[in-house]
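K.L.:
From Swiss-Prot, here are the annotated features:
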- 33-53: transmembrane segment (TRANSMEM)
- 77-98: transmembrane segment (TRANSMEM)
- 83, 182: heme b b562 binding site (BINDING)
- 97, 196: heme b b566 binding site (BINDING)
- 113-133: transmembrane segment (TRANSMEM)
- 178-198: transmembrane segment (TRANSMEM)
- 201: ubiquinone binding site (BINDING)
- 226-246: transmembrane segment (TRANSMEM)
- 288-308: transmembrane segment (TRANSMEM)
- 320-340: transmembrane segment (TRANSMEM)
- 347-367: transmembrane segment (TRANSMEM)
């Protein structure tokens, strides 16, 4: 009799993906973030579902319904803060995951990499729309400012913005459709994750050396299932510490003031995980130029497979490229800091320099350093 795990049409898919999957024997903890992102997505869908049971997508009652969830619903405060801080964890792991992909040359799996970038856009869109739902001051003004950027698109811009708003300003129609999209997108993301994994399992995982590991593979279970569970344990400790001790640490105090179209907050800014892109947007004193720079700051990831000129896949044995990688990370920290600062001297010039360095490092410095390393190694 054949093993059900290997013969059942449904179970064998799970078996080939998570149990008998041949995995490189040397993958480090940097490979844990994929599974952590999966857990985060599941957690967000679950907590989001319970929040949606009590939330009302109406401008007059949205803010009150969130207050009601926190005060009157059993463990509503816990669900709400797990959802809000879960989004922060999601983005931390997402950036680690992308950083690992850049460092170890995982972007050479073109299909997996490109669907990953589309996933990033989908997650960013979901998070942005979710931030609008509590209908606080920063929700309202953030929605107004960011959607207004589309008016920079030539010819169709202004019409497009009014079409998205469902009127002449951010109002009831906007909130309702944002809730609808915020609810449906995570399920679309789940489907995209499956495609992401499908492409990954066609090639097999990369490893820290960047070399072919076909000669040294081990089954995913139990070796990496136990490793992933440990990662999830660390993640839950981090998330629950944040939720229980400082739930509002990463939020904005302005969002505890109900939305008021007649009163603009002194500094309109998005959640911390968008600040680097927001800083790049603000560093160009032209509306269309800023929007193009904003989109380019993410789309530039698609160029990594093209600008990879090194004969080695991974950065493990390329010290000069490693220095540039960490320069890029430091640069992103500077951009994140600048994105949260007011538009005044010296922050303007720092933001412009950091934005320029970001693009220059990826487009010029990294490829030219790779060529130099090839020469040094007589390749």
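Including glycine, each Cβ sits where the backbone N, Cα and C put it.
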K.L.:
In sequence order, which residues at least six apart in the same chain have a CB under 8 Å from the CB of residue 196 (heme b b566 binding site)?
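P.N.:
Looking at Cβ-Cβ distances below 8 Å from residue 196 (heme b b566 binding site), excluding near sequence neighbours, one finds 112, 115, 116, 119.
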K.L.:
State the non-local partners of the transmembrane segment (113-133) in its own chain: residues 6+ outside its ends, Cβ under 8 Å from one of its Cβ atoms.
P.N.:
55, 57, 62, 66, 87, 90-91, 94, 98, 101, 106-107, 139-140, 142-143, 146, 174-175, 178-179, 181-182, 185-186, 188-189, 192-193, 195-196, 199, 270-271, 273-274, 298-299, 301-302, 304-305
K.L.:
Could you tell me whether the transmembrane segment (226-246) and the transmembrane segment (288-308) are in contact, taking contact to mean 3+ Cβ pairs under 8 Å with a sequence separation of 6 or more?
P.N.:
no
K.L.:
By the count of other Cβ atoms within 10 Å, pick out the sparsest of the binding-site residues 83, 97, 182, 201.
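P.N.:
Looking at the binding-site residues 83, 97, 182, 201, the Cβ with the fewest others within 10 Å is that of 201.
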K.L.:
Take the C-alpha atoms of residue 83 (heme b b562 binding site) and residue 201 (ubiquinone binding site) and report the distance between them in angstrom, rounded.
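P.N.:
Computed Cα spacing between residue 83 (heme b b562 binding site) and residue 201 (ubiquinone binding site) is 30 Å.
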K.L.:
Return only the integer: C-alpha distance in Å from residue 97 (heme b b566 binding site) to residue 201 (ubiquinone binding site).
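P.N.:
So the Cα of residue 201 (ubiquinone binding site) lies 17 Å away from that of residue 97 (heme b b566 binding site).
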K.L.:
Other than its close neighbours in sequence, what residues sit by the transmembrane segment (178-198), given a CB gap under 8 Å and a spacing of at least six beyond its ends?
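P.N.:
Sequence-remote neighbours of the transmembrane segment (178-198) are 17, 38, 41, 44-45, 48, 52, 55, 57, 112, 115-116, 118-119, 122-123, 125-126, 129-130, 132-133, 143.
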K.L.:
To the nearest whole angstrom, state the Cα distance for the pair residue 182 (heme b b562 binding site) and the residue listed as 'ubiquinone binding site'.
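P.N.:
So the Cα of the residue listed as 'ubiquinone binding site' lies 29 Å away from that of residue 182 (heme b b562 binding site).
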